[in-house]
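Novice: A single structure is presented below for examination.
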Protein chains: 2
Amino acid sequence: MTMEVHQVVPPPHKSTLQKLKARLKETFFPDDPLRQFKGQPLKRKLILGAQYVFPILQWGPKYNLKLFKSDLVSGLTIASLAIPQGISYAKLASLPPIVGLYSSFVPPLVYAVLGSSKDLAVGPVSIASLVLGSMLRQEVSPTAEPVLFLQLAFTSTLFAGLFQASLGILRLGFIIDFLSKAILIGFMAGAAIIVSLQQLKSLLGITHFSNQMGLVPVMSSVFHNIHEWSWQTILMGICFLMLLLLARHVSIRKPKLFWVSAGAPLASVIISTLLVFAIKAQNHGISVIGKLQQGINPPSWNMLLLHGSHLGLVMKTGIITGILSLTEGIAVGRTFAALRNYKVDGNKEMMAIGFMNVVGSFTSCYVTTGAFSRSAVNNNAGAKTAVSNVVMSVTVMVTLLFLMPLFQYTPNVVLGAIIVTAVIGLIDVPAACNIWRIDKFDFLVMLVAFLGVLFISVQGGLALAVGLSTFKILLQITRPKTVMLGKIPGTDIYRNLHQYKEAVRIPGFLILSIEAPINFANITYLNERTLRWIEEEEDSIKEQPSLRFLILEMSAVSAIDTSGISLFKELKTTLENKGLVLVNPLSEVIEKLKKADEANDFIRVDNLFLTVGEAVASLSSAMKGQSSTITEGLHTIVSCN
Amino acid sequence: MTMEVHQVVPPPHKSTLQKLKARLKETFFPDDPLRQFKGQPLKRKLILGAQYVFPILQWGPKYNLKLFKSDLVSGLTIASLAIPQGISYAKLASLPPIVGLYSSFVPPLVYAVLGSSKDLAVGPVSIASLVLGSMLRQEVSPTAEPVLFLQLAFTSTLFAGLFQASLGILRLGFIIDFLSKAILIGFMAGAAIIVSLQQLKSLLGITHFSNQMGLVPVMSSVFHNIHEWSWQTILMGICFLMLLLLARHVSIRKPKLFWVSAGAPLASVIISTLLVFAIKAQNHGISVIGKLQQGINPPSWNMLLLHGSHLGLVMKTGIITGILSLTEGIAVGRTFAALRNYKVDGNKEMMAIGFMNVVGSFTSCYVTTGAFSRSAVNNNAGAKTAVSNVVMSVTVMVTLLFLMPLFQYTPNVVLGAIIVTAVIGLIDVPAACNIWRIDKFDFLVMLVAFLGVLFISVQGGLALAVGLSTFKILLQITRPKTVMLGKIPGTDIYRNLHQYKEAVRIPGFLILSIEAPINFANITYLNERTLRWIEEEEDSIKEQPSLRFLILEMSAVSAIDTSGISLFKELKTTLENKGLVLVNPLSEVIEKLKKADEANDFIRVDNLFLTVGEAVASLSSAMKGQSSTITEGLHTIVSCN
C-alpha cells in the first residue's frame, strides 16, 4: 500500500506588525469601507467621500417625480401613524405628548440626509420610550418636577446619540450583535407585556397607578384600585381596541390593505375626539389629553444638564436607551435592505442615528430610531427613498403649527389602545417555537430575557440574557467537542464514528478530532478527555492489536496559545510508548508549534500529516515494513518520534 | 470525470434529555470519576469509595520501612525550610510569627490523609500571605487591633477553605483554568517584586514603613525615611542575602546538592540568632523577633467572626486567597504528578485543600496550600508519599513545644533575606521570553498581570489579565477566520491557499473554510466578510468564467445556533444566482440545519457534500453535462437548488 504523502507547511512568514495590522483590519473594518476609493482620481475620491458621509448626494441627483409620487403616498401614510404614536409614546416615557410630535419632526429630516436605508421611518419607539421613562422615574418624578424630568430626558437623548455615534465612529458596532435574535424575541415579548400593562392605567381609567414597571406591582396596583375603574373608559377602550385589532388583522391577512391598519390609529383618534367633544365625555370620567402647546420645536440646548447629581443616571439611561434603539434601528434597516436587496452599512447607520439623536436633544426631541411598525408601513406603502421621511416630517410640522388644538379632546384611552395594538405585534410566538425546535439553549436565553424583563427589570433581563449567551460561548471553548473518527469504507475519508454509522475504526489507531481552539481555558479538559478516550479504547480492544498511535485531527483547531502548546508536551509524556501524530494543523497552529518545538518533538515528517488517510497509510506501512516482532518495530518508530 | 459521491448524514436522533445529560457529564465529569466503580461488587465499591475519599487507604497498607526512610529524610529537610518560612510568611501577612508555625503543623496532617499528591509539601505560601495581609489591612490595622486582625485572618481562612472545597464538590474546578500560565508568570513576577519590596522594611531596618503594597508608595516611603536606615541591619542583610543566593545558585547548578539551598534558611536563622545573641546586636539597631509563645496550636473556632461589618471583606479575602492558593497547589501537584507519572484528580485535590483550610481555621492556622519551593525540595529530597508531610508536621510540633525560646533573638533582617531569596525564584524570565516568541497576545496578557500587580493591586492586576484573556477568546469567536481553499495538485485535498503555495483555485468556485462556531456574535461579520470574499474574487477573475458556486467548508464549525442558521438564509438571498454549497457540516450543525430547513434549501443532495473534492467534481460534471449554453445550465442548477 504505497501512497504519496504530502507535507504540512507553515504559512509564509509575516512580521508581528503585519499580523497586528491584518488582525486590526479584520476586527474593525471587515467590510473594507475604503475599497471603493482604491485607484480612483482625487476628485472622484472627494465625491465618493461626500457621498459616504451624506448618502443623499448619492440618490438625490437621480431623484424624479415618479419616485416622489410613491414617497408622497407613503410619507402621508406614516404621518397618519406617527402623530398618534408620537403622542402615545411620549406619554409612555412620562413626557408631555407634544415632545412625541417634536421627535417626529426634526430627526426624520436629519436621517433623510445622513441615513443609508431607503425604508427606515424614523420616530420615537415604544421600548426606548418605556425604558427612558422607567429609568428616569427612579430618581425624579415627572409630575412633581416636570421641568427637571424633561431636562433629564433631553440630556439622556444627547448621551444616547453620542454613544451611538461613537460606536459607529470607533467601529465597535459588533457590540450590538451580542443582543442575539433569541434575546430580542424574548425581550420584545416581555417589553410588550410591560408596555401593555402600563396602558391599563388609561384603559381602565385608574388615576392612582403604580410607578413601577414589573408585572407584580402593576397588577397589584390595578386590583387595589378596583374602585377607580371607570366603566365608560373601559367600554370606549374595548371598542377601539377591537377596532384597531380588527384593522391589524385585515392588513396581516391581505397585505394590499396595509392602509387599513396604517390609517386606523389616526381614524380612531379622530373618531374618539369627535365623540368626546360631542357627548362631553370628559365630564363623564373619560380623561383627555388636554390643551397642547402650538408651534414647532423650541430649542432645548439650554436644558441639557451636564453636571449635577443626576449625571450618572442620565448617562446610564442614555447608554441603555441608545443600545436598545440602535438595535431596533439597525435590525429594521437590515431587514428591509435584505428584502429589497441593497446594503446598509452598520457603522455608518450608527453614526446617522447617533447624530440624529444629538441634533434631537438640541431641539426638544427625545430618543428616536428607525421604528419597526412605522418602517413596515412605509415599505408597504411603497416608499422609494428617504423623502418619505421628509414628507412625514412636513406633515407633522403642519400639525404642530395649525392642528394641535384639535387634539385637546382626544381621550387617553384611545392612545392606550393604539399602544397596545402596536406592541402586541412584537410578541412573536412562532419565532419562539422555532427557536425551541432548533436550539434549546437559545430558547433558554430567550426565556431568561422574557422573564427577566417581566419580573426583574428591562436592563436586568437584558443583562442576564446577554451574560448567559456569552457564558455559552465560553462554555463551548472550555468544553470543546472531541470526536472519534473512523474510515468510510472504500474511501480515504475519515469522519465522526457516531455520525457516520458505516465508518470503521482502524485497529491500532485512535483518531480524535478536536473541534475548538486549544487554549488556557480547555487544556486541562482536553488532557483529561483524551486520556479517557485512550483508556476506553484500550478497554474495548483487549483482543485486538493494542493501541499504537493517537492521531489528532486538527482541522478545526483554529487557534492555539502558549498553554495550548503545553498540552501537546503533556500528552507526549502521558502517551509513553504510543505515537502522537498531528494531522492538518492550520496556519497559526503549525507556526506556533514550530516555534515552540525546540526538541523537534511534534512537527517531524513522521508525525505530521496533511490528511488522516495519509497518516494511517504511512504509519501502517512503516509498522509492517519493520521487523517481524511488531512490538519491537513499534518501539523503533516511537523512539525516533 | 466520474466520482463516487458520499452523502452527509445527520447523527442518530437523541432526545433533548439525553443531550442534556451528555452535555452535563462532559461539563462536570470529563474525567468520569465513577468509571472504576462500574461492574464491581458492592464490597469492592465501598472500599473504592473510601479510598477515593481518603487516598491514604490506597497507599497506606502498602507502606514499608524503605519508603519511610526516604520520607524521613525529605520530611526533615522540608521542616528545616518550613520553620523559617513559616515565621517569615506570617510576618508577610502581618500575623504573629507563631501562626506561621501553627500553619505548618495541622494542615500537613490533614493533607496526608486526604491528598492524592505524593510530592506536595503543605504550608503557608508567600503570595497568599501577601494578599491576605494586604487585603485585611485595608480595614483593620494589625498593630492597633491585633486580636481583631487575627480573627479576620482565621475567618478568611475558613471562607477560603469553604470556597475551595465547594469548587471541588460542585466540580467547578475549571474556574481556576482561567488563570492561564501566561497570567501566572506575569502575576508571580509582579508579586515577587511586591513581596521583595515589602522586605525592604526589615532589610533596611526602617521602622516607619508604608502600609500600601504598590511599587510607588513603597519606594517613596523607603526614600522618605532614609534617616531610619540602619547600617548594621543593611550589612547583616546583604551578607545573609548573598549567602542564601549563593546556596540557591549551587543547588540550581547541581541538583544533587539540593540540601544546600534547602538547609540554608535554617542555617542562616541559627547563625544569625547566635550572632545576635553573642554580640547583643538587638541593642545596636537590629530588630529581632522577640519572645514567642510556646505550645501547639490553640483552638480558634471561637475566634471566627461570622457576622459584623467586616464580613464582606473577609469573604472577598477568603475567595481571592482561596483561588490563588488553590491555583498554586493544583499547579504544583500537577507538575510533579506529570514528572513522576501519576495522576492527580483536580476536583479531589480542591476538596482536600479546602478541607485542610477549614480545619486550619479551627486550629489557629491561616491559608495554606501546596507550596512550590517546599514541594520542589521535598521531591528533590526523595519524598515517596505524604508521610514526609507528617514528618515535617511532627518536627514543627517539637519546635513549637520545646524550641520556641531559641527564636527570640532571630533578627528580622534574616527572615527578610529568606523571603527575598524564595520569591526571586518566582520571576521566570526565560518563560516570559518563550511566551513572547510564541504568542504576542499571551505576552500582553502576562504584561498586564505583571504591571497590574505592581501598579494597581494584586486583585486588580489579576482581574484585568483574566478579563483580557477572556476577551481574546470572545474576539476569536466574534471575528472568526475565513480562509480560501485551493486544490493541491494531483490530489483531492483542498487546503488554505495562503498556507500551501502549490494549491490552485478552481475557476468558477469560491471555496471558503469557516473556522469557528457560527453564532449570534459573528453572523454579521461572517456575512460581510463572505460578501467581501465574493466581490474580491469577482474583481480578480474578470476574464475567467464567472463565479458560479460558493462552497463553504464547515469541518471547523463545531456548533451553530438559531442566529447562525439565519446566516445561511441571508447568504442564499444575497448570492442570487450563485449556488451555495455546504461541505461536511458536523453532527450538531447538520442536525440543526435540517430542523430549520423547511423549504429544503440547504441540505439537498445537490448542495451538500462530504468533501470539497466531491463537491467540485460533482458540480463541475453537472455543469458540463448540461446544455451547451453554460449560463442556461447554471440557471437550471440554481433554480433547482
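Every residue gets a Cβ built from N, Cα and C, even glycine.
Whatever TrEMBL says is automated annotation, not expert-curated.
Given the structure is predicted, the values throughout are model-derived calculations rather than measurements.
Features from TrEMBL:
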| type | residues | note |
| --- | --- | --- |
| TRANSMEM | A:95-113 | transmembrane segment |
| TRANSMEM | A:148-170 | transmembrane segment |
| TRANSMEM | A:182-200 | transmembrane segment |
| TRANSMEM | A:229-246 | transmembrane segment |
| TRANSMEM | A:258-279 | transmembrane segment |
| TRANSMEM | A:385-407 | transmembrane segment |
| TRANSMEM | A:413-436 | transmembrane segment |
| TRANSMEM | A:443-468 | transmembrane segment |
| DOMAIN | A:499-619 | domain 'STAS' |
Novice: Hey, would you say the transmembrane segment (A:182-200) packs against the transmembrane segment (A:385-407), going by three or more CB pairs under 8 A that are 6+ residues apart?
Specialist: no
Novice: Is it the case that the transmembrane segment (A:229-246) and the transmembrane segment (A:413-436) have 3 or more CB pairs under 8 Å, with pairs at least 6 apart in sequence?
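Specialist: Output yes: the transmembrane segment (A:229-246) sits against the transmembrane segment (A:413-436).
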Novice: Are there residues at least 6 beyond the ends of the transmembrane segment (A:385-407) whose Cβ is under 8 Å from a Cβ of it, and what are they?
Specialist: 56, 59, 63, 67-68, 70-72, 74-76, 78-79, 82-83, 86-87, 97-98, 101-102, 104-106, 108-109, 111-112, 115, 117-118, 120-123, 269, 273, 289, 291-297, 378
Novice: Please list, for the domain 'STAS' (A:499-619), how many residues fall into helix, strand and coil according to DSSP.
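Specialist: Tallied per class, the domain 'STAS' (A:499-619) gives 53 helix, 21 strand, 47 coil.
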Novice: At a C-beta cut-off of under 8 Å, are there same-chain residues at least 6 beyond the transmembrane segment (A:413-436) that contact it? List them, or none.
Specialist: 84-85, 87-89, 91-92, 126, 181-182, 185-186, 188-189, 191-193, 195-196, 199-203, 205, 233, 236-237, 240-241, 244-245, 248, 264-265, 268-269, 272, 286-287, 289, 372-373, 442-443, 446
Novice: For the domain 'STAS' (A:499-619), what's the mean pLDDT in this predicted model?
Specialist: 85
